[in-house]
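Residues or ranges marked as domain 'DUF1736' in TrEMBL: 293-365. According to TrEMBL, the feature repeat 'TPR' maps to 481-514, 515-548, 583-616, 685-718. As annotated by TrEMBL, transmembrane segment applies to 112-132, 144-163, 169-189, 201-218, 224-247, 268-287, 354-373, 385-406, 412-431, 440-461.
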Amino acid sequence: MAEWDASLDHVIPSSLLPPFWAKFLVGFASLVCFARSYDGDFVFDDSEAIVNNKDLRAETPLGDLWHHDFWGSRLSSNTSHKSYRPLTVLTFRMNYYLSGGFHPVSFHVVNIALHGGVCVLLVDVFSVLFGGLQYTSRGRRLNLAPRSSLLAALLFAVHPVHTECVAGVVGRADLLGALFFLLSFLGYCKAFRETNKEGTHSTFWVLLSILLGAVAMLCKEQGITVLGLNAIFDILVIGKLNVLEIVRKLLRKDRSLESPGMLRTGGLLFRMTLLALGGAGVLYVRWKIMGTGPPAFTEVDNPASFADSVLVRAINYNYYYSLNAWLLLCPWWLCFDWSMGCIPLIKSVGDWRVIALAALWFCLIGLICQALCSEDSHKRRILTLGLGFLIIPFLPASNLFFRVGFVVAERVLYLPSAGYCMLLTFGFAALSKHTKKKKLIAALILGILFLNTLRCVVRSGEWRSEDHLFRSALSVCPLNAKVHYNVGKNLADKGNQTAAIRYYREAVRLNPKYVHAMNNLGNILKERNELQEAEELLSLAVQIQPDFAAAWMNLGIVQNSLKRFQAAEQSYRTAIKHRRKYPDCYYNLGRLYADLNRHVDALNAWRNATVLKPEHSLAWNNMIILLDNTGNLAQAEAVGREALELIPNDHSLMFSLANVLGKSQKYKESEALFLKAIKAHPNTASYHGNLAVLYHRWGHLDLAKKHYEISLRLDPTASGTKENYGLLRRKLGQMQKKNV
């Protein structure tokens, strides 16, 4: 059985805790860091992946989860990001069901608990990676590096780069992927539990490890990379092979390769074959499910990948790696999004930022040389495993195999950071071994843990609301157009249009092709009746992106307001061409036809809107009102009843149908609908005014007087209500004279 010299563990300036209390401490530290996010809102990507994802709702068949991407789109769609994480979506759906809706607290609590579970599991994983693999006669695994495993797990538990994974609900994909990644590794270790004979293993546990790796991939794509870590662990720890020595002997054609010690690898070759075939099979199935085509990303998502020069691409990819390394070393400047100008391209080797590349590779090459060439086999193995844990899970995000849809993403560092924590712990151990100032090293470790914990708490608070999250990014990435866009959108949603315009304009200035910022800015200008500039912005947006359906629709609305009806109709038609299921566009097209007195076309357009979106209240209302105004009371009543069956609690529909029933002299039913609408909205003047008209017609003059007066008290400027109230008062006066 693989056993290492764990002498370095004794020099770690840390208390020796029993396994239970070590895990308790690590779990507690993880909760302290991120507990503040438990009552946060759904923020940033949570809106698309959770709130707007129909796969979470009961009406969506469970089977659809296996054909949809993480965001709820069909994998076969050209617009799909191909992120296939059905098991993560399934947990979101369970959250939604058990909490009775979109209540963020339950989602956040699960994330915090998952992070705690991952941290606790890492104590066991680090104990194997640092101390080797040895079991008692009863099959219980021994922890031969209790101090090292505790310190590395603590460093991981309190690392601020994890905030996005834990405090952002969509980060659950990384948490679940990491959980099954670690279970797969520990399962692989169990393959060597049953016997102490060299080269023997349990095939069952090897296969189960591969299965758990596949489960990890169904939570987050990088989960499958555990098979690579298992292979390195097997070669170095179980097989006890010195890779560099083997390569040297092969180059020299050394006959010692044929010695029994070198040939005793039959079991290793068999396990490597299982891992390779298992990994290849899982990846092939994943590729087929994805539609055998990579996702389509735009230049703003990953500018370096669109550079024409291979040299420019290579330099920038390596610069991105150095930034990721810096986030692990100094996680102080954190940002929810690093795209859109946040990191300008390096276009020549004269750029001073090339120094970061040189520093990264200087450190990496130094570590690799130590991992391969050190005389100390213990050191070689720890460094190799640490580098493997750092690099292998990062490979899917490296742009080496395919283009990714981001520049830097903090959440993809969740698993690689475990490798970093392992290397940092080894560094502290080596430093402690070669210096007598152990108290100083202990103070340094405590300082790092304290500062990281403090940063986690602060950063968790920033992730509790979009306002704080977006504004926190302004100082980190002031050149990122998306940051300004999101701040502007958040302000617009709160009704602060003036400030929103300022941020939208800055977003467009930073990225003159940012069509979403142009669209939103155009919408605000449209609402402020600044129609000329709104039309210019929206026209430019559809010129830059001709298939931008929302911008075409908004352009049509502006053109309709400018009385350019033919152009507006063409814009609406173009929007529907690019997004066939577009109920809001059909609704606006119906409004255009109504303005042109093309009543049949208007009704058809609104009907299309309600077919595509049965709960489209405005389309139903407009149909009822148009039919009412054109004297088609029976048809209006039928449409109104159909609408209320689909949306029974919509008070505006009750109001519209009540008006129709009143004109049809169905006073009792009309009265019931008016009263129901008023009960829900007692301060709506028009509800009281129209109920008064009903009572006026019905002959209940005292009730009519009462509701006219309420209506005028709520809205003294309502001329129609004033006129009707005047008529009623005259009629009441005449009745009093007759009675006299």
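Glycine residues also receive a Cβ, built from the backbone N, Cα and C atoms like all the rest.
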Residues of the same chain, at least six outside the transmembrane segment (201-218), with any C-beta under 8 angstroms of its C-beta? 84-88, 176-181, 183-185, 187-188, 190-194, 224, 226-227, 230, 238, 267, 271, 274-275, 278-279, 282, 286
Taken over the repeat 'TPR' (583-616), the predicted model's pLDDT averages 95
Please give the sequence-distant neighbours of the repeat 'TPR' (481-514): residues at least 6 beyond its ends with Cβ less than 8 Å from one of its Cβ atoms. 44, 300, 335, 337, 339-342, 466-467, 470-471, 473-474, 520-521, 524-525, 527-528, 537, 544
Per Cβ pairs under 8 Å, the stretch of 144-163, 169-189, 268-287, 354-373 packing most closely against the transmembrane segment (412-431): 144-163
Taking the transmembrane segment (169-189) as reference, which of 112-132, 144-163, 268-287, 385-406 has the most Cβ pairs under 8 angstroms? 112-132
Looking at the stretches 112-132, 268-287, 385-406, which one shares the most CB pairs under 8 Å with the transmembrane segment (354-373)? 385-406
Who are the long-range neighbours of the transmembrane segment (440-461) in its own chain, taking Cβ under 8 Å and residues 6 or more past its ends? 13-14, 29, 32-37, 40, 151, 154-155, 158-160, 162-163, 166-167, 331-332, 334, 428, 431-432, 468
Cβ under 8 Å, sequence separation of at least 6 from the ends of the repeat 'TPR' (515-548): give me the contacting residues as numbers and ranges. 481, 484-485, 488-489, 492, 497, 500-501, 504-505, 507-508, 554-555, 557-559, 561-562, 574, 578
Residues of the same chain, at least six outside the transmembrane segment (385-406), with any C-beta under 8 angstroms of its C-beta? 81, 129, 181, 221-222, 225-226, 228-229, 232-233, 236-237, 294-295, 297, 301-302, 304-305, 317, 320-321, 324, 338-339, 367-368, 371, 412-413, 415-416, 418-420, 422-423, 426
